[in-house]
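Annotated features, as they stand in TrEMBL:
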- GLY151, GLU152, SER153, GLY154, ALA155, GLY156, LYS157, THR158: ATP binding site (BINDING)
- 886-952: coiled coil (COILED)
- 57-737: domain 'Myosin motor' (DOMAIN)
- 615-637: region 'Actin-binding' (REGION)
Amino acid sequence: MDDQFSTFVYTKHENKLAVGKIIDIGNGKLTVEILNSMCAVEVNYNEVYPTEADQEKDVDDHCALMYLNEATLLQNCKRRYQRKLIYTYLAHILVSVNPYEVITDLYSLDNIRKYKNKSLGVLPPHVFAIADKAHRDMRRLNCSQAIVISGESGAGKTESQKHILRFYCENFGQLVIIEQRILEANPILEAFGNAKTTRNSNSSRFGKFFDVCGGFVEHYLLEKSRIISSNPKERNYHIFYYLLASQELHDDLHIYGDVQNFQYLKSGDSLSDEDIMNFKKQLENLIQALDRIGFSSKQRNDIFKVIAGILHLGNVNFEETKVNARGCEISNVSEQSLDYAAELLGLDSDELSINLTTRIMTTTKRGGGTVYSICLKPSEAENSKNSLTKAIYSRLFDEIVAAINRSIPFGDSVNYIGILDIAGFEYFEVNSFEQFCINYANEKMQHFFNERILKSEQQIYSEDSLEVGQVLYSDNLDCIELFESTNGLLNILDEESRLPKPTHNHFTETVHARLKNHPRLLIPRKSARKENRSLRDSDGFVVRHYADEVTYQSAQFLGKNHDTLHDSLFNLMHHTSNDLLKSLFTSNENSMPNKPSSTNLFKSRSVSHKFRSQLDLLLKKLRETQTHFVRCFKPNQDQVLENFEEFFVLKQLNAAGMPSVLSLMQAGYPSRLVFNELYAKYKPYISEIKELQRLDPRIFCQCLFKSLGFNDCDYKFGLTKVFFRAGKFAAFDQLLKQDQPSIQEFVSKTRSWLIRMRFKKVAWSVLAAIKIKNRIQFRVATIRRIQNWIKCNTVQNRITEKLMIIRKVILIQNGENELREVVSKLHKENQAIWTEKITDFIKRLDDFLDDIKKNVELADPSLLLKFQRFQIEFDKHLDDLKNQAEEDEKRRILELEARIQAEKEREEAERQSKLEAERIREEQRKIEEKRRQEEEEKCRQEALAEEEARQKEDVQDTPNTLTTLKYGELRKIINTSLACRLECHRRMRGYLAWKQKSMSKKGA
């Protein structure tokens, strides 16, 4: 094979990226020979990625590689991960791979101080570098900063957040108390906001936004549905298991047994002995943290009572009453749980029972209304109970976060640094309402990432007139519209929940009916995953997210979205003896649901609507800041050491939008500097240099870059800023931080370069003037040649046109034979007329041709016009002749048909006359035959008469008696008798007829 095909590439082979070389190029396919296996595979063009010359090389910033693609990014991360280097830059984005182990000195105090006030790229990649850059940008640009930490559950987001807070605590004295309190609050937030999932044993089920400078903690998007149910192999929030593990609190809280004794816990994973020991230690840490932020012993106990009350309230079940079929009551087996819940929540057991099984309604009329009670069905009572538990827990969580904020001294900084830790994209074997909300939030966050990193970056290039190619990326705005539009998933879910008898099947069918043509929505049987195709279309739907395709089972959507707290339950919470619980429902009077119902009342109380509102507030706050991104990834699904699953990590890279960032960084300039800022730094040193002091800031920056010998490929000048290639700003940033002598040396170099450039400019101006003079002379000579050519061409065109007309006239003359031939086919009457017309036309045509040849000065337009008239006349004559010939032919055919018809009529008349004569002869023959027969009959009658007369005479002569006659005489008399002969003949004919008939029957 020729060496020109031996190009090394990465390609997908046996669930990993393998190195191979191209051995053949086909139509749409490449043949790649996999190294170390000596097998060849055929792949598409878009399935191969070029490799670096040194395949074992790894770099701190991926943009420093020659080839920027997802394969080289993956391999670079893998090699660094194998060397215990878990951080990698992608321009200003930090890529972090969770090592699932403690790396020595990675987060040591010396390392923290080493990264203080260091430009990005000076030291190896680290989360400390991102934290330091955010702090320096806040001071330098005078604007708020945000560090967005994102990734799947278990990717290390919470740990990254802790390390950033610790970096600020150690390096900046004025922030020590604030960050220290925030770090101390982490055990509390983890206890009430973290839970075990199939992918992470300590997964944050809410979003945290830490205002470092202002000393404020905001939380978003708490997963309320986990309070009432959890998936298999997962758990509820940690705090529930803390109380189960603590034997000291069992008697006070009436918590006995294990998770199987509690409805809200038994659907999840069970506890091992090791888990119980860990939860005991964590409960101790939680109690200490609550004490540090200012919770008294009574308040702490009230919190535990509320949590235990939620557990007991979850065990309360309902059944239909025997008296009222439309109502329900507390089941007998749940009476003890109801009493425990009422005691812990500071309520009366009977009042709690009544308010759980009934609902108070008020009719609104002018001048007042009527209050009446409605009995609830078991399913409605169950929803009401779940809404109460979610309301209690979420308000308790809000109060705990508020207490943390009260314990942190408020900073006086105008700007702040925010650290956002939010749950990443999720998809499991069974995806329900929780994954629906989390993935919707990640769609919004990914769109924000696209806007901030991709879309806004290209907009900056456009505004600064920088010629950078348009980078195409997957915009997920259509997927967000699938959720948020008027007929979107969220509105359909709220509409279904408002129906009198909502069902998940009707909700799913409505989704498929209204959004059947949406490209992001599929029915389960069209899912890319085979295991999801068995799901019925009425039981779920498939959403094509930016990261992957997810099938959602809608069975529990309506119950988990229900968050409406009835007026009676809300008012009941005001009468509790638990001071903490009472404060949760009286601290915000605006949240009281005792106002008249309206069209949007349920919508404002649904979980999905509150989730969406909080998400919009979060994104609004992020858009007001300058954002830094930390992308966290898991090396494997089993969370084990030193196992880097390439396809699993590659899928996360694609989900995080890294390929689009690679394309942008390869074509763009991620670092930039405003001309005026750089000019302001050098202005004190150039005020006395006349060659430099009058320069525009942009021109001065260009002179400075040229004098320092920067490569033109590493930067580009816009209208207001200078843009740097990825990884090139660090070297220039170091030059800016030089001492005064170095800066003066730079100014001197710039002045020398400017003088040299001006001299070269003058020299090049002289050369340019000489070249312009020669160019003018050349153009004059060229114009003269062009003029001569135009004159000759004009005359030639005029004569050429006349010659063309003459040729066409001669062609018309040659058509005379055709006209004569058509005339010869005409009728004799028309031949004379048309012969005269053609003769006249040919004569006029000959005169026109003579005029053209004689009159040279005749205007060309008139010649062409006359010729066109002759052409039209010739065509008309030819058409008329043809029409006349057709008419004459029709006339000849009609005459011939008339003669034929006359001949036929004559022959028919002759035939009729012959037939008539024959008929007359036949009639005469018949008359003659009849006459002859009559004559013969007459003769026979006469003969018979004579015979009878003779016989009579014979009879008279015959004796009267027969006895005297002899036999011979008697026979003679009989034989000679006419009557005897006739009778004999008659009988003989009868006999012959009978005989003939008998013979014919036998033959048949």
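A Cβ is built for glycine as well, from the same backbone N, Cα and C atoms used for every other residue.
Any TrEMBL annotation is an automated prediction that lacks curation.
Fair warning: this is a prediction, and the values are worked out from it, not measured in the lab.
Overlay of TrEMBL feature records on the structure.
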residue	record	CB count, 10 Å
GLY151	ATP binding site	26
GLU152	ATP binding site	27
SER153	ATP binding site	22
GLY154	ATP binding site	21
ALA155	ATP binding site	23
GLY156	ATP binding site	24
LYS157	ATP binding site	28
THR158	ATP binding site	21
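Shown for the region 'Actin-binding' (615-637): DSSP residue counts in helix, strand and coil, namely 9 helix, 8 strand, 6 coil. For the coiled coil (886-952), the model's pLDDT averages out at 84.
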